[in-house]
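Copied from Swiss-Prot, the annotated features are:
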REGION    190-211  region 'Disordered'
TOPO_DOM  1-7  topological domain 'Cytoplasmic'
TOPO_DOM  29-81  topological domain 'Extracellular'
TOPO_DOM  103-117  topological domain 'Cytoplasmic'
TOPO_DOM  139-160  topological domain 'Extracellular'
TOPO_DOM  182-211  topological domain 'Cytoplasmic'
TRANSMEM  8-28  transmembrane segment
TRANSMEM  82-102  transmembrane segment
TRANSMEM  118-138  transmembrane segment
TRANSMEM  161-181  transmembrane segment
Amino acid sequence: MANSGLQLLGFSMALLGWVGLVACTAIPQWQMSSYAGDNIITAQAMYKGLWMDCVTQSTGMMSCKMYDSVLSLPAALQATRALMVVSLVLGFLATFVATMGMKCTNCGGDDKVKKARIAMTGGIIFILAGLAALIACSWYGHQIVSDFYNPLVPMNVKYEFGPAIFIGWAGSALVLLGGALLSCSCPGSESKAGYRAPRSYPKPNSAKEYV
């Protein structure tokens with residue numbers, strides 16, 4: 001039968017990773033202005049996220065502007081946004097399903113085998129959520145690297161990795177690991193066999209027979 005400690009560890013890791021994915025999706029620091037070469041900006045720092053771009057002054061004040069048009073955004077940014085939204089929705093669904101299937105909860109009935117299968121289903125959904133987020137962050141990171149080493153892109157508009165993309169990678173890893181631990185909670189074949197009555201063997205005939 002599934003180990004409740006393993007289930008709790010996997011669920012905690014997956015939930016923590018999902019919270020990290022929510023945070024990285026919301027904050028605008030997916031890429032930040034580069035300081036390579038002669039592109040040294042001391043008065044302000046520029047950030048770009050999935051939904052807005054921001055400028056932070058040397059005084060600490062930040063001003064942000066939402067993207068005006070969805071159709072004018074690059075294809076990589078639109079795909080990243082879509083994958084992150086899918087990841088968050090799957091993570092929310094996986095949290096609900098896994099909670100019902102964990103041994104330490106009273107949801108999902110008293111059938112331990114059924115609850116273990118529900119927890120395994122939640123783990124699989126967590127894995128799908130982690131994969132979607134990992135693909136999104138890696139795709140976005142690849143685009144940053146391509147633009148950084150593109151000689152046609154001026155130095156004053158080059159960007160580097162921001163904190164959000166590292167949070168996304170870490171969150172994806174936690175969600176994947178947590179989902180894998182939850183998926184290992186599937187009951188073994190011994191739990192499916194159920195109770196078997198002991199076999200009864202015929203008693204040996206006695207040496208003497210009485211009439």
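Each Cβ is built from the backbone N, Cα and C atoms, and glycine gets one as well.
Tertiary neighbourhood of the transmembrane segment (118-138): same-chain residues 2, 7, 10-11, 14, 17-18, 21, 24, 79-80, 83-84, 86-88, 90-91, 93-103, 108, 165, 168-169, 171-176, 178-186, selected by CB-CB distance under 8 Å and a gap of 6+ residues from either end. Residues 6-7, 9-21, 23-25, 27-32, 47-49, 84, 91, 94, 122-127, 129-131, 133-134, 136-138, 140-141, 144 of the same chain sit 6 or more residues outside the transmembrane segment (161-181) yet have a Cβ under 8 Å from a Cβ within it. Summarised by DSSP class, the composition of the topological domain 'Extracellular' (139-160) is 13 helix, 2 strand, 7 coil. Within the chain carrying the transmembrane segment (82-102), a Cβ under 8 angstroms from the stretch's Cβ atoms is held by residues 4, 7-8, 11, 14-15, 18, 21-22, 25, 50, 108, 115-123, 125-126, 128-130, 132-133, 135-136, 139, 168, 175, 179, 182, 185, all 6 or more beyond its ends. Beyond the transmembrane segment (8-28), the same-chain residues lying 6 or more positions past its ends with a Cβ under 8 Å from any Cβ of the stretch are 47-54, 64, 84-85, 87-88, 91-92, 94-95, 98-99, 102, 104, 122-123, 126, 129-130, 133, 137, 163-165, 167-168, 170-182, 184-185. The DSSP breakdown of the topological domain 'Extracellular' (29-81), given as helix, strand and coil counts, is 7 helix, 19 strand, 27 coil. Mean model confidence for the topological domain 'Extracellular' (29-81) is a pLDDT of 80.
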